[in-house]
(Lines of atoms letter the chains of each structure in order from A and count residues from 1; the text may use other names and numbers.)
(Lines give C-alpha, C1' and ligand atoms only; values in the text may rest on other atoms or scores of the structure.)
Protein backbone atom coordinates (compact mmCIF):
# COMPACT_ATOMS: atom_id res chain seq x y z
CA UNK A 1 0.00 0.00 0.00
CA UNK A 2 1.24 3.49 -0.78
CA UNK A 3 2.25 5.57 2.24
CA UNK A 4 1.91 9.22 3.15
CA UNK A 5 3.13 11.52 5.89
CA UNK A 6 0.40 13.94 6.95
CA UNK A 7 1.23 17.14 8.84
CA UNK A 8 -1.40 17.30 11.56
CA UNK A 9 -1.80 20.39 13.73
CA UNK A 10 -5.08 19.31 15.26
CA UNK A 11 -6.99 21.97 13.34
CA UNK A 12 -9.75 21.84 10.76
CA UNK A 13 -7.59 21.99 7.64
CA UNK A 14 -5.01 19.38 8.58
CA UNK A 15 -7.70 16.98 9.81
CA UNK A 16 -9.43 17.31 6.44
CA UNK A 17 -6.11 16.58 4.74
CA UNK A 18 -5.77 13.36 6.72
CA UNK A 19 -9.30 12.33 5.77
CA UNK A 20 -8.54 13.01 2.10
CA UNK A 21 -5.25 11.10 2.18
CA UNK A 22 -6.97 8.12 3.76
CA UNK A 23 -9.77 8.30 1.19
CA UNK A 24 -7.16 8.25 -1.59
CA UNK A 25 -5.88 4.93 -0.32
CA UNK A 26 -2.77 6.02 1.57
CA UNK A 27 -1.53 4.33 4.71
CA UNK A 28 -1.06 7.48 6.77
CA UNK A 29 1.60 8.41 9.30
CA UNK A 30 0.87 11.68 11.08
CA UNK A 31 3.35 14.18 12.46
CA UNK A 32 2.66 17.08 14.82
CA UNK A 33 5.01 19.71 16.21
CA UNK A 34 5.39 21.02 19.73
CA UNK A 35 7.06 24.27 18.74
CA UNK A 36 6.22 26.41 21.74
CA UNK A 37 2.78 27.44 20.53
CA UNK A 38 0.26 29.08 22.84
CA UNK A 39 -2.41 26.49 22.19
CA UNK A 40 -1.23 23.28 23.81
CA UNK A 41 -4.64 21.65 23.39
CA UNK A 42 -4.09 21.48 19.62
CA UNK A 43 -1.51 18.75 20.26
CA UNK A 44 -4.16 16.74 22.11
CA UNK A 45 -6.50 17.32 19.19
CA UNK A 46 -3.88 16.10 16.71
CA UNK A 47 -3.43 12.87 18.65
CA UNK A 48 -7.19 12.46 18.89
CA UNK A 49 -7.79 13.00 15.17
CA UNK A 50 -4.90 10.73 14.22
CA UNK A 51 -6.34 7.90 16.29
CA UNK A 52 -9.94 8.28 15.15
CA UNK A 53 -8.95 8.43 11.47
CA UNK A 54 -6.78 5.35 11.77
CA UNK A 55 -3.27 6.66 11.16
CA UNK A 56 -0.67 3.90 11.48
CA UNK A 57 1.59 6.09 13.61
CA UNK A 58 1.61 9.51 15.23
CA UNK A 59 4.74 11.43 16.15
CA UNK A 60 5.14 14.68 18.06
CA UNK A 61 8.41 16.46 17.27
CA UNK A 62 9.67 18.99 19.80
CA UNK A 63 11.06 22.22 18.38
CA UNK A 64 12.37 25.30 20.15
CA UNK A 65 10.81 27.90 17.89
CA UNK A 66 9.71 29.82 20.96
CA UNK A 67 13.38 30.63 21.50
CA UNK A 68 13.31 32.54 18.21
CA UNK A 69 10.11 34.42 18.97
CA UNK A 70 8.80 36.99 16.53
CA UNK A 71 5.25 35.65 16.50
CA UNK A 72 2.18 36.10 18.68
CA UNK A 73 1.81 32.31 18.63
CA UNK A 74 5.17 31.71 20.33
CA UNK A 75 5.88 34.98 22.16
CA UNK A 76 3.44 35.81 24.95
CA UNK A 77 4.56 39.44 24.95
CA UNK A 78 2.89 39.85 21.54
CA UNK A 79 -0.90 39.93 21.71
CA UNK A 80 -3.00 37.82 19.36
CA UNK A 81 -5.05 40.33 17.31
CA UNK A 82 -8.82 40.01 17.39
CA UNK A 83 -9.38 41.26 13.86
CA UNK A 84 -7.59 40.49 10.63
CA UNK A 85 -5.71 43.42 9.15
CA UNK A 86 -3.70 44.28 6.08
CA UNK A 87 -0.34 42.64 5.42
CA UNK A 88 1.22 39.61 7.06
CA UNK A 89 -0.17 39.32 10.61
CA UNK A 90 1.82 38.92 13.84
CA UNK A 91 0.50 35.36 14.11
CA UNK A 92 2.85 34.38 11.27
CA UNK A 93 5.58 32.11 12.68
CA UNK A 94 8.86 32.74 10.79
CA UNK A 95 9.88 29.76 8.63
CA UNK A 96 7.35 27.46 10.30
CA UNK A 97 6.15 25.54 7.26
CA UNK A 98 9.69 25.34 5.88
CA UNK A 99 10.84 23.66 9.09
CA UNK A 100 7.76 21.46 9.37
CA UNK A 101 7.94 20.26 5.78
CA UNK A 102 11.66 19.58 6.07
CA UNK A 103 11.12 17.27 9.04
CA UNK A 104 8.15 15.62 7.34
CA UNK A 105 10.35 15.11 4.29
CA UNK A 106 12.94 13.34 6.43
CA UNK A 107 10.31 11.06 7.95
CA UNK A 108 8.83 10.34 4.53
CA UNK A 109 12.21 9.25 3.24
CA UNK A 110 12.85 7.01 6.25
CA UNK A 111 9.52 5.18 5.95
CA UNK A 112 9.61 5.20 2.13
CA UNK A 113 6.45 7.29 1.76
CA UNK A 114 5.37 8.49 -1.65
CA UNK A 115 3.62 11.67 -0.53
CA UNK A 116 3.48 14.39 2.10
CA UNK A 117 0.12 16.04 2.76
CA UNK A 118 -0.09 19.56 4.17
CA UNK A 119 -3.25 21.61 4.65
CA UNK A 120 -2.05 24.95 3.33
CA UNK A 121 -4.68 27.15 1.74
CA UNK A 122 -4.47 30.31 -0.35
CA UNK A 123 -8.17 31.29 -0.40
CA UNK A 124 -9.56 31.69 3.14
CA UNK A 125 -6.30 32.18 5.00
CA UNK A 126 -4.39 34.74 7.06
CA UNK A 127 -1.90 35.79 4.39
CA UNK A 128 1.08 33.70 5.50
CA UNK A 129 3.78 33.58 2.78
CA UNK A 130 4.51 29.89 3.40
CA UNK A 131 0.95 28.90 2.50
CA UNK A 132 1.15 30.05 -1.13
CA UNK A 133 1.43 27.82 -4.23
CA UNK A 134 4.78 29.41 -5.13
CA UNK A 135 6.26 28.30 -1.81
CA UNK A 136 5.04 24.72 -2.24
CA UNK A 137 6.39 24.58 -5.80
CA UNK A 138 9.78 25.81 -4.61
CA UNK A 139 9.84 23.31 -1.74
CA UNK A 140 8.93 20.49 -4.14
CA UNK A 141 11.91 21.38 -6.31
CA UNK A 142 14.18 21.48 -3.27
CA UNK A 143 12.85 18.15 -1.98
CA UNK A 144 13.56 16.47 -5.30
CA UNK A 145 17.14 17.76 -5.27
CA UNK A 146 17.86 17.20 -1.58
CA UNK A 147 16.76 13.60 -1.00
CA UNK A 148 18.09 10.20 -1.93
CA UNK A 149 14.65 9.27 -3.22
CA UNK A 150 14.58 12.32 -5.47
CA UNK A 151 18.05 11.73 -6.86
CA UNK A 152 17.15 8.11 -7.57
CA UNK A 153 14.08 9.18 -9.53
CA UNK A 154 11.47 8.51 -6.84
CA UNK A 155 10.66 12.03 -5.63
CA UNK A 156 8.10 12.40 -2.87
CA UNK A 157 5.16 14.56 -3.86
CA UNK A 158 3.99 17.46 -1.71
CA UNK A 159 0.20 17.20 -1.81
CA UNK A 160 -1.90 20.29 -1.06
CA UNK A 161 -5.51 19.23 -1.69
CA UNK A 162 -6.96 22.29 0.07
CA UNK A 163 -4.89 24.95 -1.67
CA UNK A 164 -7.63 26.42 -3.85
CA UNK A 165 -10.71 25.61 -1.74
CA UNK A 166 -12.70 28.04 0.36
CA UNK A 167 -13.12 27.23 4.04
CA UNK A 168 -16.73 26.25 3.35
CA UNK A 169 -15.63 23.88 0.59
CA UNK A 170 -13.03 22.34 2.90
CA UNK A 171 -15.67 21.72 5.56
CA UNK A 172 -18.09 20.25 3.03
CA UNK A 173 -15.37 17.91 1.78
CA UNK A 174 -14.59 16.75 5.30
CA UNK A 175 -18.24 16.22 6.17
CA UNK A 176 -18.66 14.15 3.00
CA UNK A 177 -15.78 11.97 4.22
CA UNK A 178 -17.38 11.52 7.63
CA UNK A 179 -14.98 13.78 9.54
CA UNK A 180 -16.14 14.95 12.97
CA UNK A 181 -14.89 18.53 13.27
CA UNK A 182 -15.73 18.48 16.96
CA UNK A 183 -12.43 16.62 17.38
CA UNK A 184 -10.41 19.58 16.10
CA UNK A 185 -9.00 22.76 17.64
CA UNK A 186 -8.27 25.77 15.42
CA UNK A 187 -8.13 28.70 17.85
CA UNK A 188 -4.83 30.57 18.26
CA UNK A 189 -5.44 30.86 22.00
CA UNK A 190 -7.70 27.97 22.97
CA UNK A 191 -7.66 26.96 26.62
CA UNK A 192 -6.34 23.65 27.95
CA UNK A 193 -9.68 22.00 27.17
CA UNK A 194 -9.68 23.17 23.56
CA UNK A 195 -12.36 25.82 24.08
CA UNK A 196 -11.95 28.58 21.49
CA UNK A 197 -11.73 32.33 22.10
CA UNK A 198 -14.11 33.15 19.23
CA UNK A 199 -12.21 36.36 18.50
CA UNK A 200 -8.95 35.55 16.69
CA UNK A 201 -8.53 35.35 12.92
CA UNK A 202 -8.50 31.55 12.96
CA UNK A 203 -11.78 31.46 14.90
CA UNK A 204 -13.29 33.99 12.51
CA UNK A 205 -12.36 31.97 9.42
CA UNK A 206 -13.57 28.74 11.00
CA UNK A 207 -16.90 30.18 12.15
CA UNK A 208 -17.57 31.83 8.78
CA UNK A 209 -16.66 28.60 7.02
CA UNK A 210 -19.27 26.60 8.90
CA UNK A 211 -21.86 29.30 8.30
CA UNK A 212 -21.14 29.40 4.57
CA UNK A 213 -21.09 25.60 4.35
CA UNK A 214 -24.51 25.42 6.07
CA UNK A 215 -23.01 23.03 8.59
CA UNK A 216 -23.53 23.33 12.35
CA UNK A 217 -20.39 24.63 14.05
CA UNK A 218 -19.30 22.06 16.69
CA UNK A 219 -16.74 24.42 18.23
CA UNK A 220 -16.84 24.92 21.99
CA UNK A 221 -16.24 28.54 22.90
CA UNK A 222 -14.90 30.01 26.13
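Even glycines carry a Cβ here, placed using N, Cα and C.
Residue 14 (ATP binding site): 26 other CB atoms within 10 A of its CB, across all protein chains. Mapped onto three states, the DSSP output places residue 14 (ATP binding site) in helix. Annotation comment: Swiss-Prot describes 8, 9, 10, 11, 12, 13, 14, 15, 16, 17, 18 as ATP binding site, evidence class sequence analysis.
Among the features that Swiss-Prot reports, Zn(2+) binding site is placed at 187, 197, 200, 203, with the record citing sequence analysis. Residue 200 (Zn(2+) binding site) falls within neither a helix nor a strand when secondary structure is assigned with DSSP, and so counts as coil. Counting only same-chain residues at least 6 apart in sequence, those with a Cβ under 8 Å from the Cβ of residue 200 (Zn(2+) binding site) are 80, 81, 82, 91, 187, 188, 189.
Listed binding-site residues: 8, 18. The one with the lowest count of other Cβ atoms within 10 Å of its Cβ is 18. Once Cβ contacts within 10 Å are tallied over all protein chains shown, the binding-site residues 12, 197, 203 are led by 12. Cβ proximity to the ATP site centre (mean Cβ of 8, 9, 10, 11, 12, 13, 14, 15, 16, 17, 18, cutoff 8 Å) flags the following additional same-chain residues: 46, 49, 119, 184. Taking the mean position of the Cβ atoms of 187, 197, 200, 203 as the Zn(2+) site, the remaining residues of that chain whose Cβ falls within 8 Å of it are 80, 186, 188, 189, 190, 196, 198, 199, 201, 202, 204.
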